[in-house]
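Below you'll find the structure I mean.
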Amino acid sequence: MVISAKYGKWSKVILIFFYIFIFFLLLRNSFNYLDPDLGWHLKVGEEIAQSRLVPDINNYNYVFSGHWVDHEWLSNFIVYQIYNNFGYLALSVFFAAVMVLLLILLNREARRRYPSVALGFILVLETWGVVASLPHLGVRIQELGILFVVLLLLIINNYSRRLDWRLLLFLPPLFYLWASLHASFLLGLGLLAAWMGIKIFERIIRRFPLFSRLNFFEVLSNRHILFFCGASVLSIGATLLTPYHVKLYSFLKDYQNDFYRSHIQEWLSQFSFPFTYWQLAYLAFVVLSLSLYIYYVRRRKILSINIWNLFLLLFFVFLSFQSRRHFPLMFVATFWFMLEIQALVWPVIPNKKPLSYNAWLSVYLLTCLLLVTTFQITQTNFSNRPFQSFCKDYPYESVEFLKNHREYDDARLFNHYAWGGYLIWTWPERKTFIDGRLPQVPLAGHTYLEEYYEFFKKDGQIGDKLNQYDIALVLLPAQDKNLTAKPWEKFLFMITDEELVAHNYLRDYLQSSSNWQILHSDQAAVVYGRNP
């Protein structure tokens, strides 16, 4: 497409229609599924609103009743207030708007730094990145972390360019707010340290004759590095001013165990089946672009190197391969460097087409955007009652059954991991076995999540585990969802059906044991009860 980012009237109109399309694409995605953690986010937010205190004691599980740190306390409060006062539709609109704002920030910086890059390339790249990120978007608090990464990178980039120390005054309040909203503020602190390290490295390495001919982008003086160092120290201090103070960092010791990376869906690596092909294709494009960039730089003997951009690309590509949850972060953190590569390797050919051609092309693009936006709107299942609307995926009927049978009020319930958050909100009187808040908390010599999976092992100890926690009710999905591979996937990746079957030994035990019986079953769930 020949429409360039430097064009005025048409590009602005196209961008507006593009943002509207992305907004409704994200809105449709929000109504396609219910985040398993939304329930506990709402309940914790309600607790904060009522008590005016941040959470301290875990009152939602009977297994673990110790202290816990809610790194998302402010997010939970905001989410609850929006949901309680305006409903789920408003909450979905809020998170869709966050992502659109993020794209606006990316594009404003792109138009300033790379005005020659075709607008068509920018829109295709962003659409690709957003579509590939959809499994991690919706009513998801991690979107706020993605936004703050972009804000941090904007501050760093503008400070490097303008060398105005006043820009650094935004860092401490940014990190105070970030540390109250999401635990990804730790990533932000890591980026501060990485940027300082790179700038110090550039000053040192350019003194050596071997590297004296290299032209590093925006080499800073010691004075400006010290300014940044001071602002970084103040930013760390700002995180300690949050209600949890030093305890905000207490969870780090629990993440030495990486069991969760192989057992929680969104933490799986890109090499785990089922593959996320949109993400893998985008990552392949990023790696290909980097390879072309290196080849082009060596062939043309370009001596200008932006180590910071290279670091961001390599670091976030690594994180994205390690865990697909990090893909949206990779998309936004490498976006500007991808445009830089495009501008360098594939410079825009001067547009010699008549203005009427550009006008017709723009009208055609606007028509396409209008059509796909209309399609997104018509295909969206709007609902303001998400916990009832997704009853096929969550145990709505089973919960109603147990609520109506008061004889089970005091019985301890073992629940499916993905339903913990749902139960906390829809059945607050009932303490759950587990939910998505604390998978890494130490419990019984390992992590909370590992203790949960002890109930599914083929070792003959399932009955003992149920007795250990005095469990009298078990709530499981009606059917186990085994992975399936398409014929071409079986051939290409040498996958067999047997490898994809995850046997549920807990269900086998409950079905075969004379001590247990089915109390209720529906299309989504089954309730097992211990015989008197």
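Heads up, the Cβ atoms here are built off N, Cα and C, so glycines get one too.
Just so you know, TrEMBL annotations are computer predictions that nobody has curated.
TrEMBL lists these features:
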TRANSMEM  12-31  transmembrane segment
TRANSMEM  86-106  transmembrane segment
TRANSMEM  113-131  transmembrane segment
TRANSMEM  137-156  transmembrane segment
TRANSMEM  185-205  transmembrane segment
TRANSMEM  225-246  transmembrane segment
TRANSMEM  277-296  transmembrane segment
TRANSMEM  303-321  transmembrane segment
TRANSMEM  327-349  transmembrane segment
TRANSMEM  361-378  transmembrane segment
When each of 12-31, 86-106, 113-131, 137-156, 361-378 is checked against the transmembrane segment (327-349) for Cβ pairs under 8 Å, which one has the most?
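Maximum Cβ contact count belongs to 113-131.
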Under 8 Å between C-beta atoms and at least six residues away from its ends: which parts of the chain pack against the transmembrane segment (225-246)?
53-54, 69, 73, 159, 165, 168-169, 171-176, 178-180, 185, 189, 192-193, 195-196, 199-200, 203
Verify whether three or more Cβ pairs under 8 angstroms connect the transmembrane segment (113-131) with the transmembrane segment (303-321), leaving out any pair fewer than 6 apart in sequence.
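No; fewer than 3 Cβ pairs under 8 Å.
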Restricting to the same chain and to residues at least six past its boundaries, which positions have a Cβ under 8 Å from a Cβ of the transmembrane segment (361-378)?
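For the transmembrane segment (361-378), the sequence-distant neighbours (Cβ-Cβ under 8 Å, at least 6 residues beyond its ends) are 1-3, 10, 13-14, 17-18, 20-21, 24-25, 27-28, 120.
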With CB pairs under 8 Å as the measure, which of the listed stretches 12-31, 113-131, 277-296 comes out on top against the transmembrane segment (137-156)?
12-31
Could you give the residue numbers and ranges of same-chain residues that sit at least 6 residues beyond the transmembrane segment (12-31) on either side and whose C-beta is under 8 angstroms from one of its C-beta atoms?
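Beyond its ends, the transmembrane segment (12-31) has Cβ neighbours at 3, 92-93, 95-97, 99-100, 103-104, 107, 119, 123, 126-127, 130-131, 134, 137-139, 362, 365-366, 369-370, 372-373, 376-377, 379-383.
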